[in-house]
Amino acid sequence: PTMNTCCAVLLEMGWKVKANDRAYHQLPEFQKKVFLCIKKSRYSGNAIKTYKYNALTFIPLNLYEQFKRVANVYFLALLILQIIPDITTLPWYTTLIPLVVVLGITAIKDLVDDLARHRMDKEINNRKTEVLLDGRFESAKWRDVQVGDVVRLKKNDFIPADILMLSSSNPNSLCYVETAELDGFDPLTLNCVGLTGLIECEEPNNRLDKFIGTMLWNRERYPLDLDNMLLRGCKIRNTDVCHGLVIFAGADTKIMKNGGKTRFKRTKIDELMNYMVYTIFALLVLVAAGLAIGHTFWYDQIGAKAWYLFDGKGYSASHRGFLSFWGYIIVLNTMVPISLYVSVEVIRLGQSKFINWDLQMYYADKDTPAKARTTTLNEQLGQIEYIFSDKTGTLTQNIMQFKKCTIAGRSYADLSARVFQPVDWSWNRYADKMFQFMDHSLVATVRSGKDKDAMEFFKLLSLCHTVMVDEDMVYQAASPDEGALVTAARNFGYVFLNRTQDTITIQEGDKENSYEMLALLDFNSDRKRMSIILRFPDGRIRLYCKGADTVIYERLSAESKHTKSTQTALDIFANETLRTLCLCYKDISAGEYEAWERRHKEAQVVLADRDAALDRVYEDIEKNLMLIGATAIEDKLQDGVPETIAKLAKADIKIWVLTGDKKETAENIGYSCSLLTDDMQIHYGEDVKSVPLTTRRVQPQSNRPGKRKPADPFFTQTGKNALIITGGWLNEILYEKKKKRRRLRLRRLGRRLPPSSPQDGQPMNDWEKEQRQVDFVDMACECEAVICCRVTPKQKANVVSLVKKYKKAVTLSIGDGANDVNMIKTADIGVGISGQEGMQAVMSSDYAFAQFRYLERLLLVHGRWSYIRMCKFLRFFFFKNFAFTLVHFWFSFFSGYSSQVNWFITLYNLCYSSLPVLLVGLLDQDVNDKLSLRFPKLYLPGQQGSLFNYKNFFISLFHGIFVSLIIFFIPYGAFLQTMGQDGEAPSDYQSFAVVTASSLIFIVNLQISLDTSYWTFVNCFAVLGSIAIYFGIMFDIHSAGIHVIFPAYFTFTGAASNALRQPYLWLTIVLTVGISLLPVICIQFLSKTIWPSVGDQVRSRREEKAPAFQRGRRSRRSGYAFSHSQGYADLISSGRSIRRKPTGRAGLQQSIREVPHAENI
């Protein structure tokens, strides 16, 4: 078995790196075909490229992307038609100028965004590092670093590539790395040292938690794992100098593999508008075809015989009908004028500025305003159904504080009836001045030296950990929990001073004592505890252990005291959502230790399943423990997080937390931030065995697209449910390819892969895999809250993709680290938390601000307003254009079906009706921001998409048809056989046109006035100004002065003044306007009286005081949470857990996760 395992590992190594030999990586065997016979090295350069355009590709590529929008293609086709003299009815520049403006504005916006990416890439690629060239280290830019180069890094340097660490200036050969750029998580990770040589390892991939390789040196092979690697994007901390060998560079690095592709995001309204453009175009073709056929028959029967209509062109009736068809396509294009898209872009730009200018989303502490980094997604903010949030740095500040404890059955820091006065630490010269504790009695107890339990409690905290300390007494902890515990011990007089591979030195009061470290039994997520075995200065051997109450209580001795009182305190701590750990000890005889040491040495050299063998040995010694007490740590949330989550939940927005932290940590935060509540039934992924997904499957043939029958609910019990799953379980439930090694080995050996079989870990067929994904999404979406722990950046993006794919829901992702970038790019809306260590999340986001609590205002105020405004704008815009355009349709029946030439067509959307509706799209609000936040249910119409859909579209269409009929036929009837005051008939076509146009302008401007909910001076000015502009231009184009200048274009001098002099025609206008608006007024009155919307109800309600909420507990839960990761004990001792160096291994894996079998899920 050992030989087979080794062979499998060797077969998987497809990446070879040789130190300081650039020519080696250019050998033909490492070349790959790019195009035809052009080849290049398979090893990427270290320069990165995140921009989309360059100087040559910008114009063609940007135009290609813009003409993916069907409306732009439509307007381009119109422009081509207008160039043809026999067809055009409007000047070609009336379409060209707006089209160029729309394309130009969008291109400039895209160019500005891409220039920012260019600048960021240039700044990163031009960073400096030191590379070993010709036997000496020389300064080089990151972009010039190549695979196989040896680089030298110094303290606070960013790591330029994924490198194998070779040496460190630290005496224990350790290197401290800050991974904020990778995972948004600040605690320090330790990496042990490998040696130089020929490296054979796995090919570039996106697994941040995995690396497999071997090193050939002195004819011996040594295994390498992630502990030996320093990843690009991290920063060297508390290490003066280290050296490393570049393994992956540029696009091959893990952080770049996790970046994901930049996706072009569009709103639901954009997609709906595209379909509506298709609908309108089909309607336009049908109408134009009908009119063209009518013109053909009319010309054949009447027009050809009317000598006064002869135009000198000998076209046949069918030819004229064909030209008339295209002429009507141009005339009726005002159904979807290009001004629609110009107006939409202006509205979105204004809405983005309102977000940027919102002082209530400005974070003064870091001088960070909210920033809308895109202008195309604002209304989508009002339709969010699922939020996917990172935890560390997004929900929490990642600041742990030691708050309470219980020692020997007595609880400390229960301050319900005491004065909140922090302890004065001036008596302790080592004290951390930032540490606050309120219970003075515990300090007095420890300082008295009489309470042995209290002394043992803090001695354990100062000794049982993997913290490192530098010369300035600054602690470098692998997790914030450990840092908080060791800092607490430090302030209470038990100061951790120093550690070597074999000893730990602490200050106990006035004495400095060194303890010999015999073994460090490391933490992992399965053990949920860590232990240390020490030889005291007096020769005693003692084991100290800290861990979850659920595992510690199982291992307590029957003689252990205070178990019930400690359990009561733990329940209280857990109810307060504090993170708890139990502390215990065990005295070990010399003979017992020697026997255990032998078994431990044997487990250390096991090649197969070494970690499981060590765990079994650990179990032998970690029993019959004596309980000392328990700690309670607060993982400090960002301000306003619980209130924000509760408010968003009331808006029917479901929140999923996707985090790389372990399950207990994430669950505790879930309770702290009110994502999880005590009335929820918590389901764990590995325990969901009573609901096997296979029982819900149907046959493939019955699962045709659009035909899938809704499955029965997963959770049959009533009440709220929450789901907590791990990344390993997620892999299993989605059936990712688990047996990668076996398949790669078989493929390289040229063997045929066996058929798909779930039992042997092979991937399912496409239908089975999709059905499994559907079932997972259905199950998760039945829950009020979902927490995914131990997930990789790729898994985060996959979860978001699944919900988008199978629920067709609008999603939002929010995070602050580079590990959130893929998730942010995948979601419909990406939000970055700015002001943190890493800025990659912000650079990839659509919106950015400094605190999670601002998300409430972004969605419930700005998002909701933007959605309502855009919907109202589009509904009215379609209505007013249908009402205007269809007047031409009715007129065609009385004009021989001939298309029209009219300046009014050009000016209607440009001057006469655009400004009032544009201001409604920018400024209107049904309720103010305070009411929007107070009543989250106002958000529901956006999620349901009820304010703009095909139903609203057809309502606008039929409303426009009704108004166009009124506008045309009432003046037509009034002009029919009419006599003016002067005895002359006013029924010429120009007077008819003036009355019809005037009625239309009054109707559309008064209609938008009726639809306006929020009036400002600007709105009043826009409505009155539009009417005034109409009359001003109308009198100008019918004046003698303009006729003198342009006699060929303006031939109807005095028509406007002649028509509007007649009181009879004014009465016609009033009658037309009144009949058009009266049904609307009646419907609005009935709607607000009998069928009021949520907004109508809110406006009429008085403010009510929210009832107080008191939380109760249904059942006990553990408050254990510890964000420590496996592997640090081995690193601290540099491979020496029992004062003996292990053989054949450079370091332990950082984590072990057992994944349940598929058939048990």
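Note: Cβ is positioned from N, Cα and C throughout, glycine not excepted.
Within the listed segments 842-859, 1040-1057, TrEMBL records transmembrane segment for the stretch 1040-1057. Remote same-chain residues near the transmembrane segment (1040-1057) are listed as 903, 988, 990-991, 993-994, 1034 (criterion: CB distance under 8 Å, separation of at least six residues from the stretch ends). DSSP assigns Phe523 (ATP binding site) to coil in the three-state reduction, placing it in neither a helix nor a strand.
Considering only the binding-site residues Arg579, Gly660, Arg790, Asn819, the residue whose Cα is spatially closest to the Cα of Thr392 (Mg(2+) binding site) is Gly660.
Checked against Asp820 (Mg(2+) binding site), the recorded positions Asp390, Arg579, Arg790 differ in C-alpha distance, with Asp390 being the nearest. Looking only at the binding-site residues Thr392, Asn819, the densest Cβ neighbourhood within 10 Å occurs at Asn819. Sequence-remote contacts of a segment are chain residues at least 6 beyond its ends whose Cβ falls under 8 Å from one of its Cβ atoms, and for the transmembrane segment (275-298) they are 70-71, 74, 317-318, 320-322, 324-326, 328-329, 332-333, 335-336, 878, 889, 892-893, 896-899, 950, 953. The transmembrane segment (1064-1086) is in contact with the transmembrane segment (953-977), judged by 3+ CB-CB distances under 8 Å for residue pairs 6 or more apart in sequence. Neighbours of Asp390 (active site, 4-aspartylphosphate intermediate) among the binding-site residues Arg579, Gly660, Arg790, Asp816, Asn819, defined as a Cα within 10 Å of its Cα, are Gly660, Asp816, Asn819. Put simply, Gly660 is the one of the binding-site residues Phe523, Arg579, Gly660, Arg790 whose Cα lies nearest to the Cα of Asp816 (Mg(2+) binding site).
Through the fold, the transmembrane segment (1015-1034) approaches residues 907, 911-916, 918-920, 923, 994, 997-998, 1001-1002, 1005-1006, 1008-1009, 1056 of its own chain, all at least 6 residues removed from its boundaries and within a Cβ separation under 8 Å.
When each of the listed stretches 903-923, 953-977, 989-1008 is scored by C-beta pairs under 8 angstroms to the transmembrane segment (873-891), 953-977 comes out highest.
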